[in-house]
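Notes to accompany the following structure.
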Amino acid sequence: MWSSRAGVVTHGLRYEAGSRLNTGSAVEIFSSHRISRCSAAAMAFLLHHLKYTLGEWEGLEKDFQRVQETHRLYKQKLEEVSKLQDSCSNAIARQRKKLKELTVSLEECKETPSPEEINAINGIQESIKDRPNVFFEMESFLPKKNGLYLSLVLGNVNVTLLNKHSKFAYKDEYEKFKLVLTVLLLVFSFTCRFVFSYRALDALFNFLLVWYYCTLTIRESILISNGSRIKGWWVFHHYVFCFLSGVMLTWPEGILYQMFRNQFLTYCLYQSFVQFLQYYYQSGCLYRLRALGESHNMDLTVEGFQSWMWRGLTFLLPFLFFGHFWQLYNGLTLFRMAQLPECKEWQVFMCGCSYLVLFMGNFSTTLGVVYHKYIHNQDKSKSL
């Protein structure tokens, strides 16, 4: 009996093992078939991706050839432009020399000829007078040797921009820079004057002034090389302000510094306010004059008064003259302080001299513009 049961159990185990073996074989066959299908799909995808990549590479190769050809043409045109620039510069220099000789000859010829010939000579002389403005416009698009200041700061680098759009964009960026820094200096001077009274904060304010005026002089020199017409004094007075701010930065803390501190900060606050007024109204006036064709595209807002501001901006004159006399007052205050027995700082006298130079330059230049404009208007009214 036990042997028959054992046989049944053994037979069952064999059947179960055989069934499992058959099932496992079927799973393995199904899995291998599935893997082979997946491998085929992956291979097809890889082949398609490889074909796409090779096509992209061929397209890039063709585009690279075009880029190389374009760059070759660009360098060739640059060489041609450089030769044209040299040729044009030499031609302008030759024209200037010939016109100078012709002017002398025309003056000599005026002594003998008839009235008709004198009229012809006068017409030629009038044409000669217009040539410098034409040459100035031409040279604003030609490379030129940098002035002493730009040569010291930048070296012998060509700063001439080659098209009107680049020139106007740089001028516009310069105007925005002035506006942002003017507002910042206005807030900073107000904070130092009425909120905080720390020497470190004053030093930071003076350092900002030094950086601002140094940057301004560099940008103005670049703009002048690109055709901006800025009266010489309005450029030079930025150098004086830069020197003055540097001296104020080195002035040590003491009784004399505290005596002048509030007066200096109040003046800086007023100056920033006037500069903001000038920017706001001058930019609007320049826009109108450019639209009417009565202003040059590279004319700038300045911290003073120029002839083109006569129409619509004369109300700024009282603010300007008040600021000029405040500079005189600052200079006289510092000279009186320099005579005090406790005055040991050299900065007192140097700041006084700087303010005196600023007053004389600003006042005489502004007064000269007003006087010449007044005389011009008088002559105009007489001719009518």
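Using the three backbone atoms N, Cα and C, a Cβ is placed for every residue, glycine included.
Annotation source TrEMBL lists transmembrane segment at 177-198, 204-222, 234-252, 308-326, 346-371.
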- Query: Who are the long-range neighbours of the transmembrane segment (346-371) in its own chain, taking Cβ under 8 Å and residues 6 or more past its ends?
  - Reply: 231, 233-234, 236-237, 240-241, 243-244, 247-248, 250-251, 256, 260, 304-307, 317, 320-321, 323-325, 327-328, 330-335, 337-338
- Item | Chain residues outside the transmembrane segment (177-198) and at least six past its termini with a C-beta under 8 angstroms from it | 205, 208-209, 212, 215-216, 219, 262, 265-266, 268-269, 272-273, 275-276, 279, 301
